[in-house]
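Enquirer: According to TrEMBL, the record shows the following:
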type     : residues                               : note
ACT_SITE : Asp407                                 : active site
ACT_SITE : Asp839                                 : active site
BINDING  : Ser371, Lys377, Glu378, Asp407, Lys597 : UDP-alpha-D-glucose binding site
BINDING  : Lys598, Asp622                         : Mn(2+) binding site
COMPBIAS : 21-38                                  : compositional bias 'Polar residues'
COMPBIAS : 731-745                                : compositional bias 'Low complexity'
REGION   : 1-38                                   : region 'Disordered'
REGION   : 712-755                                : region 'Disordered'
TRANSMEM : 271-297                                : transmembrane segment
TRANSMEM : 309-327                                : transmembrane segment
TRANSMEM : 909-932                                : transmembrane segment
TRANSMEM : 944-965                                : transmembrane segment
TRANSMEM : 1036-1058                              : transmembrane segment
TRANSMEM : 1070-1088                              : transmembrane segment
TRANSMEM : 1100-1120                              : transmembrane segment
Amino acid sequence: MASLNNQPSKKAIRTPGGSAGSSQGKANSSGQTVKFARRTSSGRYVSLSREDLDMSGELSGDYMNYTVHIPPTPDNQPMDTSVAVKAEEQYVSNSLFTGGFNSVTRAHLMDKVIDSEVTHPQMAGAKGSACMMPACDGKVMKDERGVDITPCDCRFKICRDCYMDAQKDTNLCPGCKEPYRMGDLDDDGPDYERGGALQLPGPDGNRDNMSMMKRNQTGEFDHNRWLFETRGTYGVGNAFNPPEDGGYDEGFGPGSMDATEKAFKPLSRKIPIAAAVISPYRLLIFIRFIVLCFFLHWRVVHPNNDARWLWMMSIVCELWFAFSWILDQTPKFFPINRATDLEVLYEKFDMPSPSNPTGRSDLPGIDMFVSTADPDKEPPLTTANTILSILAVDYPVEKIACYISDDGGALLTFEAMAEAASFADLWVPFCKKHNIEPRNPDSYFALKVDPTKNKSRTDFVKDRRKIKREYDEFKVRINGLPDSIRRRSDAFHAREEMKMLKHMRETGADPLEQVKVPKATWMADGTHWPGTWSVPSSDHAKGDHSGILQVMLKPPSPDPLMGGADDKLLDFTDVDIRLPMFVYMSREKRPGYDHNKKAGAMNALVRTSAILSNGPFILNLDCDHYIYNCKAIREGMCFMMDRGGEGVCYIQFPQRFEGIDPSDRYANHNTVFFDSNMRALDGLQGPMYVGTGTMFRRFALYGFDPPNPDKVAAQKAATAATGDSETQKEPLTAPPAQTTQPLTASELDPDLDTNLLPKRFGNSTMLAESIPVAEYQGRPLADHPAVKFGRPPGILRVPRDPLDATTVAEAVSAISCWYEDKTEWGDRVGWIYGSVTEDVVTGYRMHNRGWHSVYCITKRDAFRGSAPINLTDRLHQVLRWATGSVEIFFSRNNAIIGSMKLKLLQRLAYINVGVYPFTSLFLILYCFLPALSLYSGQFIVANVNVTFLAFLLTITLCLIGLALLEVKWSGIGLEEWWRNEQFWLISGTSAHLAAVVQGILKVIAGIEISFTLTSKSAGDENDDVFAELHLVKWTWLMIPPIVIALVNIIAICIAVSRELYATNAQWAKLVGGTFFSFWVLAHLYPFAKGLMGRRGKTPTIVFVWAGLIAITLSLLWAAVAPPPGGGQAAGQFQFP
């Protein structure tokens, strides 16, 4: 640090590196330079490095302290002490990192993140004691419990910068003037050897490999040389593979692991559907298919010569419906159920053993993504509750990292997330102490059941009362943030205007000149917010702001940290009070760049998390979807870690919704899709990716093919045959220990040239180095001979490396707007661009490369979220989905041209995704056919004879039988099935038709499609929770269904009146046409109820337009083709 007074300036220091062999190559591989600074009150940065000091004569006294980060040089040697590492991580977690295109990455030290008090030591802005050095306003370093760290026995309190200066200059404590004793600083560190963690072995098998760590001139661990000398043995982060014949402590050899001593137990199993249900179901599909073929043949060879036009239209529609039914029904031949065994998961990965006495978890890490874009449409309170449910999930704390992507760059979202992190200090230990479910506080306190059920601790009621009060105060603070930010910004703006006026008077400027001070948005520490301002300005507007990265909660300690009776508001004795790592991210946005909406935000999260935490698995959630089952992650991990799990690209959980009206008027639960279609796909190549509630294998997101051990062995043999000296050193028949080694880049993808890694993944070295680590850590245990692509047990017990500034700076560069230029992000890597339904396309690409996915239905819902219950919002949601399907149909993502790795029935399912919106063209025509039949007095067949009725009856009975059996094996209700049928017709005659038109316009004319964000419910405290259901909002999508309904009603009235007074009535055709008209109207009943609203407040324009169109069509038809008949009552209509 340095100050502008006469005190000696503190020297620029090097950031201490992480431990040897960091998981992302953190040893300054990227050469990122970070400037630590405290911004001035006006929000400006000042760099007081040696090059800038000569120009700083005009600096005023309001500039604060700073530290300049300098990369390591031979003259700038590292200080390898635990205090330095902890201090560096504390600095990183207290800094707001910003950067972007053609800009310096800066770290703004924040003493205050939010207006309320921060108590948890992991959180940014946590208060600490003041440094005792003169003229220093720094804070004392803290440990995991928030206790001050004093590096000397005299307990002299000193901040990180002063300590580093004293250690570098004299190595004397400023308090007692005695030398610092380096050996004493590590006494309180965890004993990883006793905890079961494995040290990194050297080439000779000796674990004391400190000699290797001093190979380079900076005294750092030479990662590349170590890998070379160990022949690819991994020592990166917490993944490694020692040689078989040496380097193991007692109890750690491949043949002596506790897991292998026991009989192999699978983590999951398939449960087939009962033969009494599935066999008749398949038989009915076959029967209905045969009957449909005979029926369509009969219809073709028996035309209605009196109304060929009506017969032709009906034949075309029925042929398409048959084709659509085949696409929808045939993938349902092999539905399955699955079950997991959490006890076996615990035994394999978490149970204490002689080699792991502390029970440190061997489960792989997981990074959880939450995305939000607009705090006005996605309330911050809803997002905060989702974050709290993630932070409280039942999974090893040190293995979790939570990331929030704020695509709007709003200070409101930033401070709401900081408030959530602060409240998590109480909420997370409370959930663990009393085994709370669900762990979303808003949902938990809204439960209508007895909260004391199954609770045995005597202090539960008292704790619940206190935490409820704290949560109410938390909600008030969140709801008051917009006003608080506005008042704060107005106050600082007024201060800046006064400063400017004072400056103008002192300089003799014209007093009548208008003061021009940009109206900025100010943070709690009195500096400018680097993101979007409420009054847009250059570099501070939506679509034009710097990249922002803030570690809200730094990584926790590797071992449990038990609370006490006096630490918090509640008694958390014997409760682990650690919190998972939590990071706020807002990617850089600039005009002229295509930021690719949600898919671009997700890819930015993938890169950021790969550099910061690199969890082998990724869970993505929408901001309104929270974790309802705290063990859901463990259930998904049962499939990933089971035998054959290395070929699973993602686990899809069903979407469940709250706040839906009891009748589910618009089929918002979508149970037919989630419980029937997706369960059926699980028996093929796996379910589709539906955008949220999905656990990904990170390696699969990188665009690689699934692992193929035989192919890798063959490639190694071929390489050895060519005379490669490196490969010939290894025997072709590798021992079992070598079959679980990490793969090289060429083995991961034979077509991938290691020199072209930047072409695919960008120029981040840390990101490239993290890829094989993520692949290796994500493998299942090699505890069974059938596991050909596994990892040894116990290697993931080593704690992750602490964060340093270089690593975070690399992550900031990875979220810049230019990073993806000329790379394969969005084309092959990550979420795929080019469609509004990027989720389906991303899942399709993985299946097309040969990956499998798994559908995980848990006994208790894994996740729950909200869905639009308003008719207009629901139609717009379906419109967005259908438009994406049309885009898929006209793109290279059409499954018709998919690879041979895509199974036949899976291919049909994906073809149906792109085809189903086009059914709307035939459905609308078919809905008008009954009315046309009634108007004309004709029918789709010449005679309603026994043959036609027999076909019709057989097809109908098969449909009913299929529905009953599908309800049986899928577990849905008949009412849910009927609601789905109703909304299929409603959406097919409105949103799907609009999607086809928009999709064709985009393909032909290049007209881009834009959609508004679906509004999320904020959980209002209104008396009527279903008020949105009865609200009628005008949209042109309502016109086609209204016209269809009115035309059919008018046609029924005209036909009945005509036949009543006709001399030669044709009641058979009347009954046929009327039956089909009532079939259409019955499907449109929920739509009609939605139009009526609660008090019939439907916009008049809706009925005026629909009525005029219906009457015009009716009169036009009557005038063009007047119906035959004798009496005047037949109604010879003519235009006046």
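Glycine is no exception: its Cβ is also placed from the backbone N, Cα and C atoms.
Curation does not apply to TrEMBL; its annotations are automatic.
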Enquirer: Could you tally the C-beta atoms, other than its own, that fall within 10 angstroms of the C-beta of Lys377 (UDP-alpha-D-glucose binding site)?
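Expert: That number is 14.
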Enquirer: Between Asp407 (active site) and Ser371 (UDP-alpha-D-glucose binding site), how far is it from one CA atom to the other, in Å?
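Expert: On Cα coordinates alone, these residues lie 8 Å apart.
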Enquirer: Counting Cβ pairs under 8 Å that are 6 or more apart in sequence, does the total for the transmembrane segment (909-932) and the transmembrane segment (309-327) reach three or more?
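Expert: Answer yes: the transmembrane segment (909-932) meets the transmembrane segment (309-327) with 3 or more Cβ pairs below 8 Å.
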Enquirer: Out of Lys598, Asp622, Asp839, the recorded positions in the record, which is closest to Glu378 (UDP-alpha-D-glucose binding site) when you go by Cα distance?
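Expert: That would be Asp622, nearest by Cα distance.
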Enquirer: Under a criterion of Cβ-Cβ distance under 8 Å and sequence separation of at least 6, what residues of the same chain contact Lys598 (Mn(2+) binding site)?
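Expert: Lys598 (Mn(2+) binding site) has long-range Cβ partners Ser371, Ala373, Asp407, Trp831, Glu838.
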Enquirer: Restricting to the same chain and to residues at least six past its boundaries, which positions have a Cβ under 8 Å from a Cβ of the transmembrane segment (944-965)?
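Expert: Non-local partners: 277, 280-281, 284-285, 287-288, 291-292, 294-295, 298, 329, 974, 977, 1068-1069, 1071-1072.
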Enquirer: Would you mind reading off the Cα separation of Lys597 (UDP-alpha-D-glucose binding site) from Asp839 (active site), to the nearest angstrom?
Expert: 12
Enquirer: Roughly how wide, in whole Å, is the group Ser371, Lys377, Glu378, Asp407, Lys597 that binds UDP-alpha-D-glucose, by largest Cα to Cα distance?
Expert: 16
Enquirer: Can you tell me the CA-to-CA distance separating Asp622 (Mn(2+) binding site) and Asp839 (active site), as a whole number of Å?
Expert: 12
Enquirer: Take the C-alpha atoms of Lys377 (UDP-alpha-D-glucose binding site) and Asp839 (active site) and report the distance between them in angstrom, rounded.
Expert: 21
Enquirer: Including all protein chains shown, what's the count of other C-beta atoms within 10 A of the C-beta of Lys597 (UDP-alpha-D-glucose binding site)?
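Expert: Around the Cβ of Lys597 (UDP-alpha-D-glucose binding site), 17 other Cβ atoms lie within 10 Å.
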